[in-house]
Amino acid sequence: MVLGAGVLLWKLLLLQSSAVLCSGPAGGAVVAEAAVSGPAGGRAELRCQSPRMVWTQDRLHDRQRVLHWDLRGPAGPARRLVDLFSAGEQRVYEPRDRGRLLLPPAAFLDGNFSLLIRAVEEADAGLYTCNLHHHYCHLDENLAVQLEVTDDPRAAGAHWDGEKEVLVAARGAPALLTCVNRAAVWTDRQPLEEAQQVAHWDRQPPGVPHDRADRLLDLYASGERRAYGPPVLRDRVSVRADAFARGDFSLRIEPLEPADEGTYSCHLHHHYCGLHERRVFRLTVTAPAPPPPPPPGNGSRPGGAPAPDPTLARGRSVINVIVPEGRALFFQQLGYVLAALLLFLLLLLTVVLATRQRRRGGYDYSDQRPGRARGKDVNLSEFPVATGDQAFCRSEDFPLDYKNNLLKERAALAQCPPPAKHIDLDKEFRKEYCK
């Protein structure tokens with residue numbers, strides 16, 4: 001019954017006055033800048049590290065969030081009154097305060113960390129401090145409340161003196177020291193922590209502003225990775241596989257190329273802790289390092305032993321002949337001449353074979369003289385042919401046995417018909433006219 005009345009009194013006093021703690025300044029600003037240079041073909045490492053981004057994947061309530069209430073009296077040092085851990089454990093330091101100092105059991109669920117003093121005494125006056133510590137996110141926040149004890153109940157109340165809240169409580173009456181912070185980092189009302197940690201790398205080619213930078217990599221604490229950018233650069237950049245376990249998000253580029261120059265940005269976002277940091281690196285690619293000079297001397301080793309003959313192949317009995325430049329040119333020209341001669345012989349052989357094949361096959365006959373010009377084609381149908389005087393006679397002898405001469409005569413006429421009789425009508429007409 002007494003506990004229920006205390007909780008009810010707590011809620012009534014909480015409605016009268018409350019104070020909300022604010023988190024630190026907004027992040028997202030550039031926290032580091034560096035200039036990095038490396039030779040072409042070498043390796044460049046852009047170091048981006050933050051101990052606040054370390055992810056241990058600890059699912060236990062390991063007291064990473066802690067609440068402390070401290071009191072500094074009018075005379076004497078500050079002393080610890082009570083502790084409350086996110087796992088639910090509560091610790092009261094003074095035996096006289098046990099059962100008299102109360103904290104809400106769901107403080108890390110609703111963000112209410114107010115301290116209730118059930119019966120105020122004269123020794124309770126002083127400066128109270130509400131301290132919130134987040135060891136995982138490296139956050140520390142505090143709120144101060146001044147408590148004054150009076151014997152006049154009509155003087156009880158609360159006001160703001162410009163720096164802190166001043167609470168005046170009557171002796172023997174309950175007093176509520178308000179401390180409220182409902183930020184997500186102090187409560188359990190948020191998704192998994194690994195889903196809220198993101199690191200990504202951007203690249204700005206020379207002359208490109210920051211708001212138009214190209215995304216290179218996205219890294220998530222859950223293990224997911226996404227690569228962007230052109231394939232020629234995507235295959236040469238890498239970040240450690242255990243980046244979130246070490247807090248090391250350094251970008252390695254190997255081998256370097258002149259086109260890799262530009263401004264690279266490392267962005268760290270920890271939405272759970274409210275962390276937003278940016279580190280800028282300006283990468284410059286220099287000329288490749290020259291090869292080391294040959295050792296001094298006439299080709300001998302420092303120990304006195306002669307250097308191996310470069311004209312001899314190791315492991316084989318083969319001698320490499322080095323031809324001077326003049327002889328090499330002569331052999332080149334000689335090769336051209338021999339190739340032309342070989343081509344001429346092939347053409348000559350082809351002509352000889354074709355000639356012999358033509359002689360074996362004979363010549364084609366042509367009834368036209370080569371020197372005579374062709375005339376006009378003659379068509380026999382253009383010339384008239386008198387067929388009246390022509391008589392066809394069969395000269396074959398037919399061995400026929402005729403019974404009489406009449407049949408024999410008819411057969412002779414059939415074989416050789418008599419010539420056609422020609423009658424000149426004009427001559428007959430003139431004869432009749434002259435008469």
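Heads up, the Cβ atoms here are built off N, Cα and C, so glycines get one too.
Owing to the predicted nature of the structure, the values given are computational and were not obtained by experimental measurement.
If you look up TrEMBL, you'll see 1-22 marked as signal peptide.
Taken from TrEMBL, the feature domain 'Ig-like' applies to 25-150 (among others).
What TrEMBL lists as domain 'Ig-like' is 153-286 (among others). When averaged over the domain 'Ig-like' (153-286), pLDDT in the model lands at 87.
Summarising the annotation, TrEMBL assigns region 'Disordered' to 285-311.
Outside the compositional bias 'Pro residues' (288-297) by six or more residues, the chain places 39-42 with a CB less than 8 A from a CB of the stretch. The compositional bias 'Pro residues' annotation in TrEMBL covers 288-297.
If you look up TrEMBL, you'll see 334-354 marked as transmembrane segment. Remote same-chain residues near the transmembrane segment (334-354) are listed as none (criterion: CB distance under 8 Å, separation of at least six residues from the stretch ends).
The DSSP breakdown of the domain 'Ig-like' (25-150) into helical (H, G, I), extended (E, B) and coil residues amounts to 13 helix, 60 strand, 53 coil. The domain 'Ig-like' (153-286): residue composition by secondary structure is 24 helix, 59 strand, 51 coil, according to DSSP.
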